[in-house]
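Please read through the structure below; I'll follow up with questions.
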């Protein structure tokens, strides 16, 4: 999953005398520790925990080409570290292994275990078809996942320290310059889908991943668990192209390659300025992120409900209308989005996104929205026609041009 550019890290600083805790262990002790790490991870709510080495040499050329093509858009933090993203030991000196963990985020209220596995996906698709409804990406409807994952990974790292004493480690959650998908593949907990997200046969793709970089030479899953040998990209995708075909903006420009500059998640979250006019109509009613490629993926019939209530839906974000969210004041936005990943984009971009969705609602056929809803949207837009923000005014004016 590709989210927000905030570093999430923890580290135990070590003296030269302490910094190689691994020297105190023989192979049997390290193997036992690796097994306990996985058991502790399960106790903390992680659906899978794997251990890999740090050799990502094979990924360097693809990363360099993607950056050279400018596919990262304005996400300068991705280019800043260059190929260092594929070299964990250069990112954190002394790193020998990476512990990668995943945690499901599908809210329990969304994934009703009593209904057919595709029920929640059908509801999400129905919401996308209602122009007056505001669609927020599923992962962002609850608590900020950075906080949840960082806390759980830190607890796991602490359990290791309680077991072996001081050692070198650093925790990352979706935002540091590491190649998470490649590390997860090496750890045996999934394969890269054609939409570039990590897939796992018993969990689909609706989960977060995080890492602990450690200076302990734990046995890797590739060495100890043949059934979890690293899987190549598309290992279980076959000839399926549903994710590519479903992308509203054509951002999946080839299997395993996304041009972020066209991706709705990038446009509504990472892009700070004006959304390109030619892409606005394609955004539909998506006001924060996009799940289309995941909704159509056959593997997500196995998507699991979140093991923690932190990811439960807050503030009705699974059923809010565009008019309702557009009516929030800056204070209401800050209060209601406290502890949410959405708060990171700020109030101005929040209004920008909703204005685009409102413009798309006005451009939809009359039968799909109705006269009353159309009138409400026009009135809401007109109330912000003279907004203090030039960015908001620009997108409101674009939306009203369809009235």
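Cβ atoms are placed via backbone N, Cα and C, with glycine included.
Heads up, TrEMBL stuff is auto-annotated, nobody curated it.
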To which of 71, 297 does TrEMBL also attribute binding of [4Fe-4S] cluster 1 at the site defined by 237, 240, 243?
297
Using a 10 angstroms cut-off on Cβ to Cβ distances, just flag whichever of 198, 240, 293, 297 is the loneliest among these binding-site residues.
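Minimum Cβ neighbour count within 10 Å, taken over the binding-site residues 198, 240, 293, 297, occurs at 240.
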Taking the centroid of the Cβ atoms of 237, 240, 243, 297 as the [4Fe-4S] cluster 1 site, which other residues of that chain lie with their Cβ within 8 Å of it, listed in sequence order?
193, 194, 195, 199, 241, 242, 244, 293, 296, 298, 299
In which DSSP state, out of helix, strand and coil, do we find residue 198 (cob(II)alamin binding site)?
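The three-state answer is strand.
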Counting every protein chain present, what is the number of Cβ atoms, excluding its own, within 10 Å of the Cβ of residue 85 (cob(II)alamin binding site)?
23
Cα distance, residue 247 ([4Fe-4S] cluster 2 binding site) to residue 265 (cob(II)alamin binding site), nearest Å?
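If we compare the Cα positions of residue 265 (cob(II)alamin binding site) and residue 247 ([4Fe-4S] cluster 2 binding site), the gap is 11 Å.
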